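Participant: Take this structure, written in structure tokens, and hold onto it; I'll ask about it next.
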Amino acid sequence: MKTLTGKELAAAIRAETAARVADGPQPRLAVVVATADEASLWYVRSIAKAASGVGIACDLADLGPGATATGIRETLERLSADPGVHGVMLQTPLPPGASAQELAAAIDPAKDVDGANPLSLGRLAAGLPAFAPATAAAVMALLDHYGVALEGRRTVVVGRSTVVGKPLAHLLLGRNATVTVCHSRTRDLAAVTSTAEVLVAAVGRAGLIGAEHVTPGAVVIDVGTNPTEDGGLAGDVDSAAVADRAGALTPVPGGVGPVTTALLLRHTAQAADLR
Ligand SMILES: NC(=O)C1=CN([C@@H]2O[C@H](COP(=O)(O)OP(=O)(O)OC[C@H]3O[C@@H](n4cnc5c(N)ncnc54)[C@H](OP(=O)(O)O)[C@@H]3O)[C@@H](O)[C@H]2O)C=CC1
Ligand SMILES: Nc1nc(=O)c2c([nH]1)NC[C@@H]1CN(c3ccc(C(=O)N[C@@H](CCC(=O)O)C(=O)O)cc3)C=[N+]21
């Protein structure tokens, strides 16, 4: 089995972004946070660090876990109207009573670098230019980087969230793949995923995908980032179990994650250019 690492691809995307940024005025990304979730805060810190590495300014608007939907909306509206800000991202999870889907409508689509505004998803579905959620874009970038053919091929996405599964299904359709989307109500998951030549797991359950879910030779992309008891990170795929069956697998950590962060920054540089 081949291991499809994301670190080199992420480094190449960051280098390309840094070169692009060096030519013009400094792009600015604003990240709105309203959570104490440790995994989420880790991601925010890694965005800030990577941004500074490529010459993008990163502002954190930390409203805290007690933030209200109104407070979050007003912050998103203010940042959307601020000509000095080029990218706006609303980090999830949000406090109870605040809906990411509803609030994301307050992000100017021109600054929606994580593709969270429903308008961005609609444009993506219609085949119009739009920012895709960085994670969905990262899956496509990894498939392209490793030369995985998509046209006409059977692809199965496990997970239908607005951040990953749904936008990814549209991106795959746009490349003429044959796409099946599974979720928690799917009957006999293994029977469906076994049809996949390309299988993407975006669920959030460590080790859900085992040998019985994978057909021999399949390319498997693991989006899951599940915290383990020892402070580590596990994917949705039981990598030891599928090692003898999969043709290729992305590792966790070191697979989709680093590419996601790099693409969020590329999107921010693009948003600054397009202004
Ligand atoms: N590396 C990265 O850049 C990123 C990683 N992630 C990770 O990806 C994973 C998914 O994230 P996200 O999409 O936000 O998660 P959500 O919880 O929003 O969605 C999970 C999806 O999985 C489905 N699901 C849950 N249990 C099962 C099951 N037993 N069988 C089949 N489907 C199931 C759900 O179905 P239903 O709709 O029916 O509830 C839902 O569609 C998480 O581990 C997250 O941490 C997320 C974003 C970025
Ligand atoms: N609006 C929104 N968009 C997101 O994209 C989003 C979000 N909210 N909320 C939280 C999740 C989680 N997420 C990760 C991204 C990168 C890594 C990543 O790079 N992880 C490293 C390892 C980290 C470690 O070792 O702890 C890796 O996979 O190599 C992880 C997790 C994006 N998310």
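Using N, Cα and C of the backbone, Cβ positions are placed for all residues, glycine too.
Curation plays no part in TrEMBL annotations; they are all automatic predictions.
Features from TrEMBL:
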type	residues	note
BINDING	Gly159, Arg160, Ser161, Thr225	NADP(+) binding site
DOMAIN	4-114	domain 'Tetrahydrofolate dehydrogenase/cyclohydrolase catalytic'
DOMAIN	133-273	domain 'Tetrahydrofolate dehydrogenase/cyclohydrolase NAD(P)-binding'
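Buried or exposed, and what's around them? Tell me for each listed feature.
Facilitator: Listed in sequence order, Gly165, Val181, Cys182, His183, Val200, Ala201, Ala202, Val203, Gly204, Val223 are the same-chain residues six or more apart from Gly159 (NADP(+) binding site) with CB atoms under 8 A from its CB.
Each residue in the domain 'Tetrahydrofolate dehydrogenase/cyclohydrolase catalytic' (4-114) has a pLDDT score, and their mean in this model is 97.
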Participant: Please find which two of Gly159, Arg160, Ser161, Thr225 have the most distant C-alpha atoms, given that the record lists them as binding NADP(+), and give only that distance in angstrom, rounded to a whole number.
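Facilitator: Value for the max Cα separation, rounded to a whole number: 16 Å.
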Participant: Give the residue counts of the domain 'Tetrahydrofolate dehydrogenase/cyclohydrolase NAD(P)-binding' (133-273) per reduced DSSP state, in the order helix, strand, coil.
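Facilitator: Across the domain 'Tetrahydrofolate dehydrogenase/cyclohydrolase NAD(P)-binding' (133-273), the residues distribute as 52 helix, 26 strand, 63 coil.
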Participant: Just how many other Cβ atoms lie inside 10 Å of the Cβ on Thr225 (NADP(+) binding site)?
Facilitator: 21
